[in-house]
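**Student:** One structure is given below, represented as structure tokens, and several questions about it will come after.
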Number of protein chains: 2
Amino acid sequence: MATYKAPLEDMRFVLNDVFKADQLWASMPATAEVTQDLSDAILEEAGKMTEGLLFPLNRNGDEQGCSWNDGEVTTPDGFKDAFKTFAENGWSAFSGNPDFGGQGMPKSLAVLFEEMMHSACSSFALYPALTSGACLAIDAHASEELKAQYLPKLYSGEWSGTMCLTEPHSGTDLGIGRTKAEPNGDGSYSITGTKIFITGGEHDMTGNHIHLVLAKLPDAPAGSKGISLFLVPKFLPDADNNPGERNGATCGSIEHKMGIKGSATCVMNFDGAKGWIIGEPNQGLACMFTMMNYERLSIGLQGLGLGEVSYQSAVEYARERLQGRSATGAKNPEGPADPIIVHGDVRRMLMNMRAINEGGRALAAYVGMQLDTAKFSEDADAKKKAEDRVALLTPVAKAFFTDRGLDTTITGQQVFGGHGYIREWGMEQFVRDCRISQIYEGTNGIQALDLAGRKVARNGGKSVDAFLADARAWLDANAGNAQLADVSEALDAALCLLKDATDELLAQAGANPDAISAAAVEYLDIFGYVIYAWLWAQMLAATDGRDDDFAKAKRTTGRYYFQRVLPRAQSLFAQLSSGADTMMSLDGDLF
Amino acid sequence: MATYKAPLEDMRFVLNDVFKADQLWASMPATAEVTQDLSDAILEEAGKMTEGLLFPLNRNGDEQGCSWNDGEVTTPDGFKDAFKTFAENGWSAFSGNPDFGGQGMPKSLAVLFEEMMHSACSSFALYPALTSGACLAIDAHASEELKAQYLPKLYSGEWSGTMCLTEPHSGTDLGIGRTKAEPNGDGSYSITGTKIFITGGEHDMTGNHIHLVLAKLPDAPAGSKGISLFLVPKFLPDADNNPGERNGATCGSIEHKMGIKGSATCVMNFDGAKGWIIGEPNQGLACMFTMMNYERLSIGLQGLGLGEVSYQSAVEYARERLQGRSATGAKNPEGPADPIIVHGDVRRMLMNMRAINEGGRALAAYVGMQLDTAKFSEDADAKKKAEDRVALLTPVAKAFFTDRGLDTTITGQQVFGGHGYIREWGMEQFVRDCRISQIYEGTNGIQALDLAGRKVARNGGKSVDAFLADARAWLDANAGNAQLADVSEALDAALCLLKDATDELLAQAGANPDAISAAAVEYLDIFGYVIYAWLWAQMLAATDGRDDDFAKAKRTTGRYYFQRVLPRAQSLFAQLSSGADTMMSLDGDLF
């Protein structure tokens, strides 16, 4: 059966030993109160909560799913009560703005909490994740009046939030959306249109739902430059700011999906619903993108969290399942067979999972710290540099976490053999739940296009150069670290490979407008494998001087990463270098 | 929505133009009647049947699934009637022995028919697939009396067959199975034990189920050398060979699975059930392996068939879905956006799918011809050589078809964006249905171990050398073919890589007993990519002199394979070359 314990030791290692996150927090007034003691204690509490409150909901949540009845949605047994406890204990306010009742916790801590939530119950995790995203957009762009009215209710968990972007004919291409917003003359707007794939659009866990809706004003320019963002509550707040009159925002149905069945994915009908604009007219997409960097990283964590719970479950099964004998002689001679963890191929699967999960956790914390710096630093240069790094790495993290997360959950399922295919064992659910993370919040192909086009080609690779300079400086500064002796050469080669791939991408892009799109996914994957190599080197270096079990395992896993995972980047470079021709030359009718 | 048309043009190209299968068939008395006209006509009929009779069952089969009630299993609506039509039209006798009513069709034709069945409705396809497997074992090893009694009923589709191997504690390791067979003194045996994961163990489509059951005789040696094979009918045939007395073989429950929900996966309880031995005592595993080469290839075709239907559906969606504009200017200026097939990344996904599917189809036909030669050739040398080739390539085909099949179905789902995650669209079902093919009939890790250990290391790489000699001879003989101009160098390098990988594997195996298991999956994948390269070269060569659309598409896809897919083998070689150390050195407790 599936099993989960929050990986606290590794989380503390990454935050405290590798990145010394507390030094960053101490350097910024907004996070100065977050000491290492506090962050350790928070992680421990988050571990208890996710293991004890959320993980037990996960299997039934999948079997029972959500149900729709005449516009109302019922979540699986236990979700509502668990959310009440979750909110009462302050978890829904975790990263919120303290001016409106949030706890102001840094993202570098939040990413680890989010990973735990996705490990424990990904469907549940999505409800507070969407609310956090909505809060970010409101906090960054809404009027003070709207903030004061909505943020405290959202942070307290009394209300919840959604993001309404997609329409039946308009997904990636938001510019062709048809939802309209007509001014009512009193500062409010009347919103009409249909939105689909709305996570948490309707459910029974909170007393009000606050929808953030993309729509077009009557005089809006065509395309993506004519989109505005509106706040549309399910119930219009009354004079006491309690849910009052029912607004014209209703749930027409919920989707039947491959996974995340405990998460209500709604068709939302806005029928002259009353709303208020967030930010400036026609700037809706920019407002949404404020939160995108946060949300895309968080959705990436779905892949990471599911990879972790799949790994832990697979290890337990591999220790218990007796089948065959070790190639070097029986290891369990009293039993009918040896535990399958003795077999090379089972270890290959487990090591792949470990190497990817631990590399991902380090990247999550690294990007989290960059987000914290970008948001809270009072040093303008550091802030600007961090903003650029976040912009560069967010698509990498979202796509690489989730692509590798799917690989990892599939691998964990494979360790279980036939039992991995049976629902009761829980392993196949992780695969199904993980699969959506590659699709929503911008498909991974779109993430790759964002990276290769907007973040790399548009500035001639300058952001990559800055990243590579940091990695090289780190490598130079740590050249004497004994733990790097057998990997520094490989890391050096990996950094060169990313440089070469970037140059190749820029050269192709100069010659062929289709080149970016054709090369983007391979480029993103190269980036992912290379940055994991740097992060693994940092983790290895941080174990220097230790000789405990944790350090031993970390070192073996790190060497595994360099020897058995990183080489994939070489092939990707060969693929990328072949150019776009074999993709673009075939007539569309001949497919 | 999902869509399927049997890919007849490509199938005929592979059989007729690339491999000239009719020349092989004509050379052997058992298949001499199968002309190209006949095989073309059969493929066309198979296409009509799978498109018209089976494909319409697929979506509901998944939603409705099978149901168990007091030992009886009901298949989804339409399955029973469709099977009746299927059997009446002779499809269940397709590859059967003509001496007992079979049609004696060659495997090289059957593989294409099986691919179509898995494309159209994989859950349905499994019922006749298991029956075919049971027939093969009966035909090869049972007494003449049992053959005459059972084969005609199985070929006619009145009865169906199963294979009962796995027990709750005994999957890969069949030697520790506990099912017992006690002689009754009259030539029959009394079988007692529990078998799990039995495909088609109970269902409502046929009047009797014939179980082939692995069990141990009272005096059997321990382990896998003490396993015998028994034929155990659900109903004991009466004097007229009609279903008579109910035997003690009952279905205790069916599994709730990730996919193939229309296929009943049964727990089978044998409670002193009457059975008859097939083959010699304690030779049951050898008897099962007779059919394994056939069945493993057929299960591989599940991956291939699902990859094909996913590809076709993705192409249709990519032509219809309007989203964004081409990087080289609007291609559908009258519409709100261009069809997504204009985008490089969408084409990358489609080309990946094509290149893998078409390479796989060629390998299926190639291995099918080797199976035909091994079974039907009257030339002892040719027969022996083909047997060796089949033994070498069967694990490659099974694992590589299904691993790449999962990749392909996931890619097809990704083309659909958010709609790919919604059940109604059908794309996520292909992923779920495909996933089992990597697990059952020997997990893909076990296939890799079979290849690297039994088929390569055990004979010092001789079978690989023979394969490479054939590929090199072909390349030399076709060096002047204009279509090979830009790929022959890459093919040459690929053949060298497989040789190097084999040498590396043998060297590691000599030094470390764990090396085979640790390197096996990478080795198998290298083999897969390299043999697809040879097959793609053969396909490219076969288009020489043609200038039609089919040939153009084939050439572009072949070049895509060499430039964008084959390079993956390089990384796998680097991974393999790093040795087993990083896998084996970590203490099992430290995972």
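Any Cβ shown, glycine's included, is placed from N, Cα and C.
Below are the features I grabbed from TrEMBL:
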- A:80-158: domain 'Acyl-CoA dehydrogenase/oxidase N-terminal' (DOMAIN)
- A:163-271: domain 'Acyl-CoA oxidase/dehydrogenase middle' (DOMAIN)
- A:282-452: domain 'Acyl-CoA dehydrogenase/oxidase C-terminal' (DOMAIN)
- A:468-587: domain 'Acetyl-CoA dehydrogenase-like C-terminal' (DOMAIN)
**Student:** Over the domain 'Acetyl-CoA dehydrogenase-like C-terminal' (A:468-587), what does the predicted model average in pLDDT?
**Tutor:** 97
**Student:** Over the span of the domain 'Acyl-CoA dehydrogenase/oxidase N-terminal' (A:80-158), count residues by DSSP class, listing helix, strand and coil in order.
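**Tutor:** Output for the domain 'Acyl-CoA dehydrogenase/oxidase N-terminal' (A:80-158) reads 62 helix, 0 strand, 17 coil.
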**Student:** DSSP on the domain 'Acyl-CoA oxidase/dehydrogenase middle' (A:163-271): how many residues come out helix, how many strand, how many coil?
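**Tutor:** Per DSSP, the residues of the domain 'Acyl-CoA oxidase/dehydrogenase middle' (A:163-271) fall into 7 helix, 56 strand, 46 coil.
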**Student:** For a three-state summary based on DSSP, what are the helix, strand and coil counts in the domain 'Acetyl-CoA dehydrogenase-like C-terminal' (A:468-587)?
**Tutor:** 96 helix, 0 strand, 24 coil
